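Over in TrEMBL, the protein carries these features:
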| type | residues | note |
| --- | --- | --- |
| COMPBIAS | 171-206 | compositional bias 'Polar residues' |
| DOMAIN | 1-132 | domain 'NECAP PHear' |
| REGION | 133-216 | region 'Disordered' |
Amino acid sequence: RAAEWQLEQPAWSGRMRVTARGSVAFIKLEDKTTGELFAQAPVEQFPGIAVESVTDSSRYFVIRVEDGNGRRAFIGVGFVDRGDAFDFNVALQDHFKWVKQQSELAKQAENPEQGPKLDLSFKEGQTIKLNIANMKKKEGASGTTRARPMAPAGLSLLPPPPGGKLPSGERPSSLSNPTQLPRTPITDSLLSWPQPTAAPSATTSDVWGDFATASG
């Protein structure tokens with residue numbers, strides 16, 4: 001419990017730095033002015049016995065310091081600001097998370113067949129959508145055109161529609177030398193189609209008859 005410590009009169013005050021060499025993290029207590037090392041605590045595992053948090057505060061911890069000659073001591077440390085205590089925790093967590101990832105990668109490199117296999121098979125009901133370029137036909141693109149039926153010997157004449165009227169003032173021109181068409185069922189129907197006859201022209205007296213008897 002941090003409440004049992006003499007928090008008003010700490011035995012030492014300075015700055016803390018967290019460094020790493022390989023998989024081991026080092027908590028270094030240094031003089032805030034000169035940077036002289038006061039004590040350091042190597043941490044090989046977190047959470048672990050090298051760093052423990054107290055039960056009554058999130059700003060105080062117990063760390064195990066070593067002098068390099070095999071001597072160890074447990075001391076209590078605390079932070080004035082709660083944010084600094086949070087950063088201290090995060091720094092240790094990030095380091096050992098990286099150590100774990102490196103260990104897993106090393107194991108996979110030694111035994112690649114034991115690593116997780118990537119399953120690319122389709123699950124039940126799963127679909128996939130492919131967008132393939134230049135596969136969609138554009139509107140109006142030239143496709144297969146259906147040839148029009150041709151008459152025998154290349155003749156493509158069609159009879160005029162029944163009941164068709166000619167424009168006023170125009171008369172059908174007759175062929176001076178009719179072309180002899182080969183005798184086929186189609187040409188027979190063309191030749192036997194009734195041709196329109198010209199209406200008899202009215203005489204001058206018929207046209208002006210009503211006006212001839214008018215007085216004045």
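Any Cβ shown, glycine's included, is placed from N, Cα and C.
With helix defined as DSSP H, G or I and strand as E or B, the domain 'NECAP PHear' (1-132) counts 35 helix, 39 strand, 58 coil.
Each residue in the domain 'NECAP PHear' (1-132) has a pLDDT score, and their mean in this model is 87.
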